[in-house]
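Participant: Following this message is one structure expressed as structure tokens.
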């Protein structure tokens, strides 16, 4: 039994002349016993679908699970902003079958999804770029802008000196290049000049200051003209009228008749009434002087409009 163990030896015919026939019969028997070969799978053409007008709240998992209901998905990419990482509102889905992709494009176009009408279109092979799905699984990292951070960082005194030295060196090279090409162009220095002492700068500013002439005013005109201009302006401004607190004259046409005293008569003599505007047309009226009595006459007084009685004056004795 130990001699029978091992790999199977090739079968040989008992009659060497019938060896060829024996091999043919053996191959036929082996062909019958073998399992039937599986049919080769047909290669399916893949189809890409463009999805637009997507809500910004949807993520990759939501869209992938929704589109997987129609068929197998080979690749998927949701476009995102490189600066913020937010969704741009469109995506690309690649199905394993082109027929499935066309069916999805027909059924999902103008479909109301999240208060928006989806734009779903089938993309032919010519329009599909080879790098369309290159960054489909890349994780988003917020950009750091290292160059901007380096430029805006706080520098010490030694670093500032090094920076000024580099700027001066670049400025010299630039001026040499312009001079070599025959370009006469002057531009300010890249490094600001160092500020001088405050006291020295103040003196220089006072020395270079142009003060107005003593004979001239602040406006540049002579002082006499300036004074006349101020007077003209003040005269043109209307002045407020002051309320006169002078007592009204004792003579009133509507009031009670005054007492005829010597002083009253002298005052009446001196009054002059003007009839016209010219001096030649003036008429002077002189009233006759009545006889003066020692006792003053008592004149009857009319009742005042307010209802108050006038005070009685005591007669002089």
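Quick reminder: no glycine exception, Cβ is built from N, Cα and C everywhere.
For reference, Swiss-Prot lists these features for the protein:
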type	residues	note
MOD_RES	2	N-acetylalanine
CROSSLNK	40	SUMO2 cross-link
DOMAIN	47-125	domain 'RRM'
MOD_RES	116	omega-N-methylarginine
CROSSLNK	181	SUMO2 cross-link
CROSSLNK	194	SUMO2 cross-link
REGION	203-317	region 'Disordered'
MOD_RES	219	phosphoserine
COMPBIAS	238-248	compositional bias 'Basic residues'
MOD_RES	253	phosphoserine
MOD_RES	257	phosphothreonine
MOD_RES	261	phosphothreonine
MOD_RES	270	phosphoserine
CROSSLNK	293	SUMO2 cross-link
CROSSLNK	293	SUMO1 cross-link
MOD_RES	301	phosphothreonine
COMPBIAS	308-317	compositional bias 'Basic residues'
Participant: Counting other Cβ atoms within 10 Å, pick out the least crowded of the recorded positions 116, 181, 194.
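Facilitator: Each of the recorded positions 116, 181, 194 was scored; lowest Cβ tally within 10 Å is 194.
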Participant: What is the number of residues in the domain 'RRM' (47-125) that are helix, strand and coil, as DSSP sees it?
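Facilitator: The composition, in the requested order, is 20 helix, 30 strand, 29 coil.
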Participant: For residue 194 (SUMO2 cross-link) and residue 181 (SUMO2 cross-link), determine the Cα separation and express it in whole Å.
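Facilitator: Distance (Cα to Cα, whole Å): 31 Å.
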Participant: Rounded to the nearest angstrom, how far is the Cα of residue 181 (SUMO2 cross-link) from the Cα of the residue listed as 'omega-N-methylarginine'?
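Facilitator: Each residue's Cα considered, the residue listed as 'omega-N-methylarginine' and residue 181 (SUMO2 cross-link) end up 62 Å apart.
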